[in-house]
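J.: Quick paste from Swiss-Prot:
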- 1-44: region 'Disordered' (REGION)
- 26-37: compositional bias 'Basic and acidic residues' (COMPBIAS)
- 91-111: transmembrane segment (TRANSMEM)
- 123-143: transmembrane segment (TRANSMEM)
- 196-216: transmembrane segment (TRANSMEM)
- 231-251: transmembrane segment (TRANSMEM)
- 272-292: transmembrane segment (TRANSMEM)
- 298-318: transmembrane segment (TRANSMEM)
- 344-364: transmembrane segment (TRANSMEM)
- 388-412: transmembrane segment (TRANSMEM)
- 434-454: transmembrane segment (TRANSMEM)
- 456-476: transmembrane segment (TRANSMEM)
- 499-519: transmembrane segment (TRANSMEM)
- 535-555: transmembrane segment (TRANSMEM)
Amino acid sequence: MTSPKPWARSAGSCQTQRAVRTRKKECREEGESDTEKGPAASSASAQCSFPKRVSFFGWAGALDSSGGTTRAMDEEIVSEKQAEESHRQDSANLLIFILLLTLTILTIWLFKHRRARFLHETGLAMIYGLLVGLVLRYGIHVPSDVNNVTLSCEVQSSPTTLLVNVSGKFYEYTLKGEISSHELNNVQDNEMLRKVTFDPEVFFNILLPPIIFYAGYSLKRRHFFRNLGSILAYAFLGTAISCFVIGSIMYGCVTLMKVTGQLAGDFYFTDCLLFGAIVSATDPVTVLAIFHELQVDVELYALLFGESVLNDAVAIVLSSSIVAYQPAGDNSHTFDVTAMFKSIGIFLGIFSGSFAMGAATGVVTCHVTKFTKLREFQLLETGLFFLMSWSTFLLAEAWGFTGVVAVLFCGITQAHYTYNNLSTESQHRTKQLFELLNFLAENFIFSYMGLTLFTFQNHVFNPTFVVGAFIAIFLGRAANIYPLSLLLNLGRRSKIGSNFQHMMMFAGLRGAMAFALAIRDTATYARQMMFSTTLLIVFFTVWVFGGGTTAMLSCLHIRVGVDSDQEHLGVPDNERRTTKAESAWLFRMWYNFDHNYLKPLLTHSGPPLTTTLPACCGPIARCLTSPQAYENQEQLKDDDSDLILNDGDISLTYGDSTVNTESATASAPRRFMGTSTEDALDRELTFGDHELVIRGTRLVLPMDDSEPALNSLDDTRHSPA
């Protein structure tokens, strides 16, 4: 939660109208003693006496000392008017955002027919937000009433809750925010702008979960796991490198600002590292959208998408670890080895705990959908799936973990296991539901970014810091991509080309996650400067890099129009035959374990556990195996169309055309006499809507006359060497 800002003071007195927002009022009889208000005073640090008419931010409490009845009636009338006015203003504010989303959708529809070469719809959504924010800030003014503002309260601290004594009655006010000294006469305007500024927790609890979940739920796992090692390197090592490079450069800028007298508040090295973690969260949603439309090379798409998905999770955990850095002693901003290792331990603990919680929630959902008959009631099934998925984020946050990591891995688990248990209608519903929520949330955030540039009231723009930040993010991205790509190419058969590296460098846009991390805490001078600079970075990268994506693809000669399923057809035969060797033994073991044990345990798919578990586990196997598994034993159903391709020597059929990858009869004896492990491996290869299952079952697919029948695999499989 954002820590409360201190109330601004002027000449030793507290200007209460700068820091207090009326949320509720409590009236007590005049005869009550101060001692009886002790518990209430524990949440309030001061009690102030006011004249008979007092107001904060448009709240007017008319107090008539002549009679209690008249005074009560006046208060009720004023309260009703205020409630009605507040309701109308809140409705108008929500209407603004609805109209922004509507305008964005119409613009996207227009772009479907006439594409703007150097402008993407996300950038245009930000422009719409900027225009609306400009109008709200400078075009609309609320008439001010000087009688509704009282400046006579004096306190010596900045309490979260304030009890105010007004003619013997006590009213409760809560801290809302700081108002700068030059805005004292615009209290009503400030309140209007504050109402269109959402609580930062809205982003984390409402808008981010569907975005992150959909990233995991729609993950193309075949290409993701092919490049998993590279993706993990970019996401973990790359983000850490970027964070420390940016933090070090920004610390130099801050030191320069101190020397030149440009720094008006405290800014420590830990703040610089926190800023590095915030802006290290890449969000190339604009670039990926263009990649998807142009069907860019699937390897590049997988690297960028996988990095951005895990990078967000790493960045938020890294920022939490930096905030938790607490060296021993009085100075909490010095370097301490013990505290550093403690922060590393916190990072590992939070990440692993969040991962476990997300996976566990997915497993629970698997069992609920497997052993109940919810599939007969599609509405209930979809509702349960939605609530269980969303609750993962809140559960992780409530337990002190990171909801972003938890909901990401929950989405991956739900897609791989729970999806197979859902009815066909619920499968379509869940995909469409989260796709819609992701679309609305992303566009809302980009529109809100533009709005915030004018409605946020505590911006701190420093030219030195801004210029240093832009230099730092470019150098940090370069230190992430190029050295790691060089090291990864040493162990990759399919090299990451220089054009791919340049494109990945170019595609390091900042977006929703960086904005959400920056706006979550703007209590201090340093945090306010971070937020303002992050906002400018997001604008620049989305407009310039997002708009220049098409031109950069052409300049770097990167393939477009590539079918992700048939991309392997252009690969030479010798490279295709080495695909099996490229697959890491760890993932081959995982696939075997997943197919034979996890999928039968969690879903209706896969072989029954009674055939894979030892005989001594028979009762448990029969209990955990669903009846559908026995029905599907001869024709295993796997809706996951994105598994790793391990073999390139099997004839596959796409629609009405057959692809000849290798002679099955010539290669089968050689392949199946290798090791007993490979003999027992059950291969499930899926391309598009056509599934090929090899498990000793005779399969007949449309073949050309020149091709050997696919069922010859069954014969050669059991033929002697």
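Using the three backbone atoms N, Cα and C, a Cβ is placed for every residue, glycine included.
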J.: Could you check whether the transmembrane segment (123-143) packs against the transmembrane segment (298-318) - three or more CB pairs closer than 8 Å, residues at least 6 apart in sequence?
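T.: The transmembrane segment (298-318) and the transmembrane segment (123-143): touching, no.
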J.: In terms of Cβ proximity under 8 Å, which residues at least six beyond the ends of the transmembrane segment (499-519) contact it?
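T.: Long-range Cβ neighbours of the transmembrane segment (499-519): 122, 200, 203-204, 207-208, 211, 234, 277-279, 281-287, 297, 299-300, 303-304, 307, 312, 315-316, 319, 404, 442, 445-446, 449, 452, 473, 477-478, 480-482, 485, 527, 530-531, 534-535, 537-538, 541-542, 545-546, 548-549, 552-553, 556-558.
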J.: Can you see whether the transmembrane segment (456-476) and the transmembrane segment (272-292) are touching - at least 3 CB pairs under 8 angstroms, only pairs 6 or more apart in sequence?
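T.: These two segments touch.
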J.: Which sequence-distant residues neighbour the transmembrane segment (91-111)? Criterion: at least 6 residues beyond either end, Cβ under 8 Å.
T.: 121, 124-125, 128-129, 132, 195-196, 440, 443-444, 447-448, 451
J.: Checking distant contacts: for the transmembrane segment (535-555), what same-chain residues at least six beyond its ends satisfy Cβ-Cβ under 8 A?
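T.: Apart from its flanks, the transmembrane segment (535-555) reaches 117-120, 122-123, 126, 279, 286-287, 290-291, 294, 296, 446, 449-450, 452-453, 461, 466, 469-470, 473, 502-503, 506-511, 514-515, 518.
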